[in-house]
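> Got a structure for you, written out below as C-alpha cells; questions coming shortly.
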Amino acid sequence: MAARVLGQMVLAVLMASAVAGVAIAAIARVEWPAYNTSNQLHALTTVGQFGCLAGLFAAGLLWRRGRRTLARLGALAFISAFSVVTLAMPLGATKLYLFGVSVDQQFRTEYLTRLTDTAGLHDMTYIGLPPFYPAGWFWLGGRIAAATGTPAWEMFKPWSIVSITIAVALALVLWAAMIRFEYALVATAASTAAMLAYASTEPYAAIITVLMPPVFVLAWAGLRARTRGGGWAAIVGVGIFLGVAALFYTLLLVYAAFTLTIMALCVAVARRHIDPLLRLAVIAVISGAIALLTWAPYLLAAMRGEPADSGTAQHYLPDAGAELHFPMFSLTLHGALCMLGTVWLVVRARTSTRAGALAVAVVAVYAWSLLSMLTTLAGTTLLSFRLQPTLTVLLTTAGAFGFIEATLAIAHRYRPETSRRVVAAATAVGAIGAVTFSQDIPDVLRPDINVAYTDTDGTGQRADRRPPGAERYYREIDAKILEVTGVPRNQTVVLTADYSFLSFYPYYGFQGLTSHYANPLAQFDKRAAAIEGWATLGSADDFVAALDELPWEPPTVFLMRHGANDTYTLRLASDVYPNQPNVRRYHVELDSAVFDDPRFEVSDHGPFVLAIRKPGGKPETDGH
C-alpha cells in the first residue's frame, strides 16, 4: 500500500510539473493585454476553470464505470490544470508573481536570487552568515533557475505556480489513498480553490497549507492505531511532511507540531496509554532530522556563540491578530460552506476519523490564536493571523465532506429512484457553487495581481506598458558597479534603502529591509546605529576609518538618493512593536563631502546617487 501510494506521488509530481510547465510556456507565448486594463484574462481564466472542473467531474464518472487508471490520470491532469489556469492566466501578461516585487515579495525574491547565485546555504542579505529563514523552497527554485539560466526574479512566478500545482496533485493522491476516489476529488477541488484564493501569495506557505488536511487525517489515524504494528507508515509519512514543513515554513511547522501534540495527548488520555506519545516522538525525530538539512548551519553558528540579537520576526500584531477569525459567519457562498463544515465537525468528530482530525486542527488554530494574544504580555506574538488561510482551508475541506454526507443522508430517506434525483440535484448545486467560487478567485487576488502589473520588473519595464519606476536604472547601476569593483556581485556589499535592487542582483546588503526579516546573527540594531553614526562625519578620512573599524564586512557600494543641503539620504526602518504599524521609517543623511575623495567614484543614475569605494584599500572577500 505504502509503495503504491509513493509511486502515485512520484507520478503526480511528474504530471503536475509537465502540465504546469507546458501551460505556463504556452501562455507566455501570447501577447496579452494587462489584467488591470482588460477583462480578457479574467474571462479566459473562467473558461479554463470551467473546463478543469468539468474534467474532474468526468474523471469521477470514469471511476464509477471502472476506468480507474484513466480516471486517476485525468484527475491529476485536471486538478493540476485548475491550479495553473487560476494563477497563470491572470498573470499571463507579466513576468512577476502576485504582489510583484513589493514588501514581502521583495525579500522572497532576494532570497531566491541568492540561492540561484549559489548552491550553498547563505543568508539572503548578509555576507558570511548562514540562513535563518527556511531555505527549502528557495533552494529548489534557485537550482532550477540556475540550471535553466533564468534570472531568479523571473523564475519566481513559474516556480511558485509549478510548486503549488505539485502540492495540489500530491494532496489528491493522499486523499484518494484514504477515502473514496469521488470524495477525494471533491475535497481536493474545494481545498485547492480556498488555498488559491487565500494563501497563494505566499507560495511556500500555500504548499504546506493545501497538504495539511489530508496529513492531519493521516496523523490522526496513525496515532489512533489499535495495534502496536499498525499505523507506522502513516507515522513515517507525517514525520516526513513535518520535516519538509521545517524546510519551507517555520510557523506552519510549529502549528502542525502543536496540533499533533494535542492529538497525541487526546488519544493517550482517552486510552490511558503512552503509545500515542511514543509515536509522536518518532514523528519529531524524523522531522527533526530532515529539518537539519537547512537549519544545521544556523544552529551551529548559534552554538559557537556568535553575537546575535533576540530577533523581532514575531513583532507584528495587525488587527487580524487581535481577534478570532470566523469565516463560517461570512455572508457568502464560501461562508455557507464553512458553516456546513463547522456543523459537520461538531456532529461527526467522535465517529469519523476525518472529522476528528480536522476538528482538532481547527481547535488548534483558535488555541494558537488565543496563545498569540496572551504572548503580547511577554513582548511578542505567535503570528496567529498567518494561520487564517490554514483555518479557511480546513473549514472548506470540512464543508466539502459535510455537503457530501448531508446529501447522502437526505437521499437515504427516499426510494432509490428519488434518491438518485436528490444526488443529481446536489451534484448540480455543488458544481454551480464550485464554478461560482472559482471564477471569483481572481477578484479576491485582484490587488495582488494589479501590483504584479504595476511594479517594474528586472528588465526595467512595467507589464501594463506604463512608464516604469526608478528601478529602470538598476541595469546601468549594476553595470557601473561591476566596472568599478571588478569583482563578482557576490563579493560586493551594498548599502541601500532601495532593497529591490538586491532582489534583482545577487549583491549582499549591509542592512536588511527591516529587523523582522533580518538574520538575528546580523545584529540589525548595531548596524543601524553604525549607519546613523556616519551622519555625524564630515570628511572622507573619518568615514573610511569608520568603515574599516566595523566588526562586519563594510559596504563598498552605497546606493542612495539625493537629499537637501548637499546630502545623500537612506530611508531606514526601526521596530516599534507593539505599535501598529510596527515599523518606523526614518531618514539618515550622509554628508556628500565624505564621498568627495579619490577613494570613491560617485555617479548619478536617475534619482539615485551611486558611490563606490574603489578597490585597493580592503582585501577581497569571497561571499561563498
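Cβ coordinates come from backbone N, Cα and C, glycine included.
Features from Swiss-Prot:
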TRANSMEM  5-25  transmembrane segment
TRANSMEM  43-63  transmembrane segment
TRANSMEM  73-93  transmembrane segment
TRANSMEM  127-147  transmembrane segment
TRANSMEM  159-179  transmembrane segment
TRANSMEM  181-201  transmembrane segment
TRANSMEM  203-223  transmembrane segment
TRANSMEM  234-254  transmembrane segment
TRANSMEM  280-300  transmembrane segment
TRANSMEM  355-375  transmembrane segment
TRANSMEM  391-411  transmembrane segment
TRANSMEM  422-442  transmembrane segment
> Short question: which residues 6 or more past the ends of the transmembrane segment (391-411) have a Cβ under 8 Å from it?
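For the transmembrane segment (391-411), the list is 183, 186-187, 189-191, 193-195, 198-199, 209-210, 212-213, 325, 327-328, 334, 337-345, 348, 354-355, 358-359, 361-362, 365, 419-420, 422-423, 426, 430.
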> Any chance the transmembrane segment (73-93) and the transmembrane segment (127-147) have 3 or more Cβ pairs under 8 A, given the pairs are 6 or more apart in sequence?
no
> Near the transmembrane segment (5-25), which same-chain residues lie under 8 Å Cβ to Cβ, leaving out any that are not at least 6 residues past its ends?
72-73, 76-77, 80-81, 83-85, 88, 158, 161-162, 165-166, 168-170, 172-174, 176-177
> Can you name the far-off residues of the same chain, 6+ from the ends of the transmembrane segment (234-254), with a Cβ under 8 Å from a Cβ of it?
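Contacts with the transmembrane segment (234-254): 2, 133-137, 204-205, 207-209, 211-212, 215, 218-219, 221-223, 225, 260, 279, 282-291, 293-295, 383, 386-387, 390.
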> Counting Cβ pairs under 8 Å that are 6 or more apart in sequence, does the total for the transmembrane segment (127-147) and the transmembrane segment (422-442) reach three or more?
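They do not touch: fewer than three Cβ pairs between the two stretches lie under 8 Å.
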> Given the transmembrane segment (43-63), which of the listed stretches 159-179, 203-223, 280-300, 422-442 has the most Cβ pairs that are under 8 Å apart from it?
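Highest pair count goes to 422-442.
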